[in-house]
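A.B. asks: Attaching a single structure in structure tokens format; questions to follow.
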């Protein structure tokens, strides 16, 4: 019996239009009523996730910034990790010869010098917005993470350069095909879920986790029950071939799985 459920947002709980479907909301409420502790593990900002939780009236722990922050439902900060100022400085002021736009996250919000309203489509449900900022003048301390947004091929080239420059000073991963993130070393959703489970006195064997992207890899591999979305990144499927694959986020596959698990816990699950 799972005691802790960890859920990625984009490509997992959220549908392609970045909305949280009614079936998914109902399934999450049922899971909570059954006594399972909920945790949303996402690259999204704490401020945005709090707005989302208010909309669905659900109590949950928040793992935000891809594991750089953990908050209790009460709002208490349980864990925080930032990029070192040296790494933030190197990324912000380095010349990377890339077409990718640059986005910086700290506790105040989402900062960028790229005014592209299309980026807000993914945040329409919450109303979360970026703040236009001269990133070259931004202090390098207290930076949670830095993201690059571009097509996947351009980001693959950039990833090689970042890894060569930063080495073990940062954790670099794809949170989507078009988003490459620079995080503090050792920071990922899996490490954050381990820290949260220890805080709650729950073993990782009693955790189930759902995800679709490479920033979910550690969380899915460490959870007692890791479930991969049918729309997952090919790299994730290749790296975790032993984990079960459920349906597509467009069909609210997490809700489908949870409903089966709640109603028929002893029967094998089929995505169809």
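Keep in mind that glycine also has a Cβ here, set from the backbone N, Cα and C atoms.
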A.B. asks: Out of 212, 263, 268, which does Swiss-Prot tie to the same Mg(2+) site as 8, 10?
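C.D. replies: The one candidate that Swiss-Prot places in that Mg(2+) site: 212.
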A.B. asks: With an 8 Å cut-off on Cβ distance to the 8, 10, 212 Cβ center, who else from the chain surrounds the Mg(2+) site?
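C.D. replies: Surrounding the site, in chain order, are 9, 11, 12, 13, 14, 42, 176, 211, 213, 216, 229, 249.
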A.B. asks: Tell me whether residue 10 (Mg(2+) binding site) sits in a helix, a strand or coil according to DSSP.
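C.D. replies: Reduced to three states, the DSSP call for residue 10 (Mg(2+) binding site) is helix.
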A.B. asks: By Cβ count within 10 Å, point out the most packed of the recorded positions listed: 8, 10, 212.
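C.D. replies: Its Cβ has the most other Cβ atoms within 10 Å: 8.
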